[in-house]
Amino acid sequence: MKDIKNYILKLQDEIRYHAYLYHTLNSPKISDEKYDFLVIELQRLEKKCKYSVRFKDSPTQSVGSENLPEFKKFSHITPMLSLNNVFIKNDFLKFYKKIVNNITVEKIFFCSELKFDGVAINLIYINGLLFRAVTRGNGYEGEDVTSNVNMISSVPKKLIGIDIPETLEVRGEIFMLKSDFKKLNVRLTKFKKKLFSNSRNAASGSLRHKNAKVTELRSLTFYCYGCGYCSYENFTDSHFLRLKKLKSWGFPISDYNFLHSSYDEILRFYNFIQNERYFLNFNIDGIVIKVDSICLQKSLSTTSKAPRWAVAYKFSDKIKITTIMNILYQVGRTGVITPVAQVTPIYISGVLIKKVSLHNFNEIRRLNLNIGDSVFIKRSGDVIPHIIEVASKCKLQRNEDISIPKFCPECGSKLKVDSFSNIKIRCMAGLKCLSQFKKLLHYFCSKKGLNILGLGPKIIDKLVDLGYVSDLSDIFDLNVSLLTKVENIGIIKSQNIIRSINNSKNVSFSKFLCSLGIFEVGSIVARSISNYFFTLDKFMNSSKEEFLLINGIGVNIADNLYNFINDEFNKNIIFKLSKKLNISSDINAIIDNNNTLFRKKIVFSGSFSNFSRSKIIELSKKLGIIVVSSVSKSVDYIIIGKKPGRKLIKAKKFSIPGIYEKEFLNIINVYL
């Protein structure tokens, strides 16, 4: 219990510090999500130890932070409290049920609104004129920013309409539109000044600027969302109708304020806004739900920090907090070892997340990760989930360091540090490593490889485990009889797979090269190799120096290619595959090595009379001519058409010889 008490006190200090940075200095060091998590964690622990520890001065019982010394302090007419946050349906349901169960009214209405991501402001009007503008501060007194607020055009300086009260206290949010935020950072970049990390910081910094003219130039926007005090005796009891009245007096009000009378209605509004927010020109981080009746609000009252009659239902479907339980190591098809965090299962956007890739060991060091840490996981759209940052270090128990493995977790081979900058570790066993072999088979049969329909990763793994496939060439020895022995594969599916295998036997040289999964050799590099060698035999008998002559191949790829073709294990597989496949050249026309332009780099400039640009490029490639898109010193010729552009000017600077269209056509027509 003593350890927990000490941890609580430490957590209180940490939250106070970050609240001071956020509210007072306007210079937060952690994300809003991380701050919210720390507060929730503190609330949980305080509740657990409520009879043994005093929490009167805890940040869970206070609002905001102290004020900046540059601004004068003024008290609010009524306290300007913050809101309690909920992030999941169950917590919102608890709030809803507590309201409904504690009030003996036939029908309770709630006003659902947007939760703006800006700076809360309290405006005081005397006889319809703006008298003072004060920030939230600690909830009871804030900073006088009247001179700056006077520069914000959307804040009414004089109220319009009828029944204007003698004294009026209005609450709202000052924020920066997304479009204005972009313009501001462009302007700051131009003058080589520090950029704002987000629109909220930009709004807060602009509102608190010592020079009111700067505030005016920053184009801030104001929306009203409530009334703190009104001396008008006949003011309506409905918060929703009060907003309408405030609008008639000249206050800008959001178009997304709705009255709801059920949990389901509010939930539908939440889901709608969750999608709609991406189309808004300002940032929001959730919705706010308030009991509509002012009388009921008063009966429900408040805590020292927040009202009991309102809650902020924040968006958190894309970001969740979970705990790292273990670190696993996956071996890829090229032997790269990828650390994977095994986490406490959570749902994000309807998807159950159990594992999260850490990409490389440098990422572990960057995040300072340990087993037992609580982390923020983000998943946007269909993007693979990733860890944003550590939410909380494991403090109550000893956490384990994550060390770099020395041996392959699959085959036991000694691992090699492939890249010190990103700390990439590789297993050099190649296809002798079962995991690499399976992953290569997945790739070999995939759309990027030979595109064998029906042979997915699960079936391939079963075929390997049953001993039916022990190298790449065994795929082409499969038959219906063997396939039907595999679980969940019937005769029709087997026949379809065999048909697809037979279709894949006719393959281009570049496609074949790409399917082999040679490290750093993708479709573009494979095509360059194919255009240079034309045949598999020439490729298998080439030297490292010859690889370096190919466009787009540097020392690393040349080493990978040379090591691959000189490995006896690989040689044997290539030999077997060449006997079972019909590997055709990507160059369909007959190649004449006496062709002036054979294996020469050319670039086109201008338009051509006899062929379209795409057609003339296609013909050139068929003749073994290397076509590039831009001019560089390595280009051998520039082919000049009508109205050539800047490429010709650049080519002349490099003294690149030019060939006009007619002459070029005479050269290639001989071979067509």
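Here the Cβ of each residue, glycine as well, is placed from N, Cα and C on the backbone.
Record features, source Swiss-Prot:
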type	residues	note
ACT_SITE	Lys115	active site, N6-AMP-lysine intermediate
BINDING	Asp32, Glu33, Lys34, Tyr35, Asp36, Ser82, Leu83, Glu113, Arg136, Glu173, Lys290, Lys314	NAD(+) binding site
BINDING	Cys408, Cys411, Cys427, Cys433	Zn(2+) binding site
DOMAIN	592-672	domain 'BRCT'
For Lys34 (NAD(+) binding site): intrachain residues, at least 6 apart, with Cβ closer than 8 Å: Phe376, Glu389, Ala391
Integer Å distance between the CA atoms belonging to Lys115 (active site, N6-AMP-lysine intermediate) and Lys290 (NAD(+) binding site): 12
CB-centroid shell, 8 A cutoff, Zn(2+) site Cys408, Cys411, Cys427, Cys433, site residues removed: Val331, Gly335, Pro409, Glu410, Gly412, Ser413, Leu415, Met428, Ala429, Lys432, Leu434, Ser435, Gln436
From recorded positions Lys115, Cys408, Cys411, Cys427, Cys433, the one whose Cα lies nearest Arg136 (NAD(+) binding site): Lys115
Reported mean pLDDT - the domain 'BRCT' (592-672): 83
Integer Å distance between the CA atoms belonging to Leu83 (NAD(+) binding site) and Cys427 (Zn(2+) binding site): 53
Neighbour count (Cβ, 10 Å) for Lys290 (NAD(+) binding site): 22
Top Cα neighbour of Cys411 (Zn(2+) binding site) in the set of recorded positions Asp36, Leu83, Lys115: Asp36
Site with most surrounding Cβ atoms, counting all protein chains shown within 10 Å, from the binding-site residues Cys408, Cys411, Cys427, Cys433: Cys427
